[in-house]
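What follows is a single structure, written as structure tokens, with notes after it.
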Amino acid sequence: MPIDPVALTADLVRCPSVTPEEGGALDLIERILSGAGFDCTRVDRNGVPNLFARWGRKGANRTFGFNGHTDVVPVGDAAAWTRDPFGGEIADGWLWGRGATDMKSGVAAFVAAAVDFVQETPPDGAVVLTITGDEEGDATDGTVALLDWMAAEGEAMSVCLVGEPTCPERLGEMMKIGRRGSMTAFFTARGVQGHSAYPHRAKNPVAALARLIDRLSSHDLDQGTEHFDASTLAVTTFDTGNPATNVIPALCRATVNIRFNDAHSGASLASWLEEEAARVTAETGVEIALSAKISGESFLTPPGELSELVARAVEAETGLRPEPSTSGGTSDARFVRAHCPVVEFGLVGKTMHQVDERVEVAQIEPLKAIYLRILKDYFA
């Protein structure tokens, strides 16, 4: 009997799986997949829940993989929601709740497609599902842990589709063939405290750090590349923690976030930031220290067989030819790319992470149909 992806989405939304809680979501999926003949393994690392499931022979020449997550961000003020954020209620043509868009509907669609496919037309190959409970958090023990375990166990995917929401307005209009890298830089400027009436007796870290931030934010990192828009730098914090208006503080901090294309690496950008900080230190005498966190490098799956496979299936089911894009934030596809070609395609993501997150019910079954067609075409 075919799996209803709408009902499964609602059941998953009712699982309160706010990172790092599993909330019963992976347990539910594991029961469904095990009952359909998938070999399931829980790959939990450092208390983070993950699920690996494979139908077919280990080491098959052709193995199609799906990747997704069941963890969700916090609901915020629950009183601000029109409906129960974990109710999975269907009303007015929408399915409401935290994770409805990001990305329990996508997971439900590919679970349903995978089960129906292997039961109706068992392929000459394998189908693998990697589902994590740690995508919205630090993402260090989620998909990374699954891929580490797979490498150790001799498991592999030939290609992978990540079911994240990718479409801005209409189902079918966009797929992701890559993502920008992300770096957060934390600057700490240490000067000499003093009276504001005698600035020559102090070393003002505020002025020094402001000079550095101005230099960074006025610099064009690049003009974009073949498949990427221009890299961006945004100032996100600037703090002194100084309640006094007549005191030059000794300490000032600032944070910038850089979203970068394939013209850069995290290391090359960190080197540039260090050089700029050193220049300002030389000019002002204020020591400026940098601590950088690279959340992920940019990556690209060049247009080819996988993206064409996805595009044909999307067009056949929706009438739209999806634009291959690298826009937006980062995703777990950045980890998968080191193991096999990866493309992302999913629903419209306009309400993800918002109060009253919801997904249009009429999109969920077509998404399952797209995934099912992709599987059929891949193994044809």
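Each Cβ is built from the backbone N, Cα and C atoms, and glycine gets one as well.
Applying an 8 A CB threshold to same-chain residues 6+ apart, the list for HIS69 (Zn(2+) 1 binding site) reads MET103, VAL107, ILE131, THR132, GLY133, ASP134, GLU135, GLU136, GLY142, THR143, ASP332. Under DSSP, HIS69 (Zn(2+) 1 binding site) is assigned to a strand (E or B) in the three-state scheme. Feature annotation from Swiss-Prot assigns Zn(2+) 1 binding site to HIS69, ASP102, GLU164; the stated evidence is sequence analysis.
Taking the Cβ of ASP71 (active site) as reference, residues of its chain lying under 8 Å away and at least six apart in sequence are, in sequence order, SER17, VAL18, THR19, PRO20, GLU21, ALA25, THR132, GLY133, ASP134, GLU135, GLU136, GLY137, GLY142. Sequence annotations record features per position, and here Swiss-Prot assigns active site to ASP71.
All protein chains considered, the CB of ASP102 (Zn(2+) 1 binding site) has 25 other CB atoms within 10 Å. Per Swiss-Prot, Zn(2+) 2 binding site is recorded for ASP102, GLU136, HIS353, and the stated evidence type is sequence analysis.
Taken from Swiss-Prot, the feature active site, proton acceptor covers GLU135, and the record attributes it to sequence analysis. Under the three-state DSSP scheme, GLU135 (active site, proton acceptor) falls in the coil class.
Within 8 Å of the centroid of the Cβ atoms of ASP102, GLU136, HIS353, where the record puts Zn(2+) 2, the same chain has further Cβ atoms from VAL72, VAL73, GLY99, MET103, MET352. Rounded to a whole value, the Cα-Cα separation of ASP102 (Zn(2+) 1 binding site) and HIS353 (Zn(2+) 2 binding site) is 7 Å. Cβ atoms within 8 Å of the centroid of the Cβ atoms of HIS69, ASP102, GLU164 (the Zn(2+) 1 site) belong to the same-chain residues GLY68, MET103, GLY106, GLU135, GLU136, GLY163, PRO165, SER331, GLY346, MET352, site residues excluded.
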